[in-house]
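Participant: Below are the structure tokens for one structure; questions will follow.
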Amino acid sequence: MSGISPTELQNLDEPSKKEIMGFLETENSKQKVQMSIHQFTNLCFKNCIHSVQSADLSAQENQCLKDCVNRFLDTNIRIVKGLQSIQ
């Protein structure tokens, strides 16, 4: 993959700069979502799955995972709302 030098970036016209910045912001947002998914997957799996007995989840494991993910999402929503109210 080739990179773009800072000099080449400075030579771009304003619409191109805005397009690149928009692309970078979108990619950054995607990365944050992916990191959150990995984080709660890891956390919830460790909390809810203690041994693998079969290819299917037990009813208890299934409910535990649902509750765990919901708690994780609710917590993140509260944090975001709290941060937004501070700004």
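In case you wondered, yes, glycine gets a Cβ from its N, Cα and C as well.
Checked Swiss-Prot, it gives:
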- CYS44-CYS68: disulfide bond (DISULFID)
- CYS48-CYS64: disulfide bond (DISULFID)
- 44-68: motif 'Twin CX3C motif' (MOTIF)
Participant: Over the span of the motif 'Twin CX3C motif' (44-68), count residues by DSSP class, listing helix, strand and coil in order.
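Facilitator: Helix, strand and coil residues of the motif 'Twin CX3C motif' (44-68) number 15 helix, 0 strand, 10 coil.
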Participant: Where CYS68 (disulfide bond) and CYS48 (disulfide bond) are concerned, what is their Cα separation in Å, rounded?
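Facilitator: With distance taken Cα to Cα, CYS48 (disulfide bond) is 8 Å from CYS68 (disulfide bond).
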Participant: Using a Cβ-Cβ cut-off under 8 angstroms and a sequence gap of six or more, which residues of the chain neighbour CYS64 (disulfide bond)?
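Facilitator: The list for CYS64 (disulfide bond) reads CYS44, ASN47, CYS48, given in order along the sequence.
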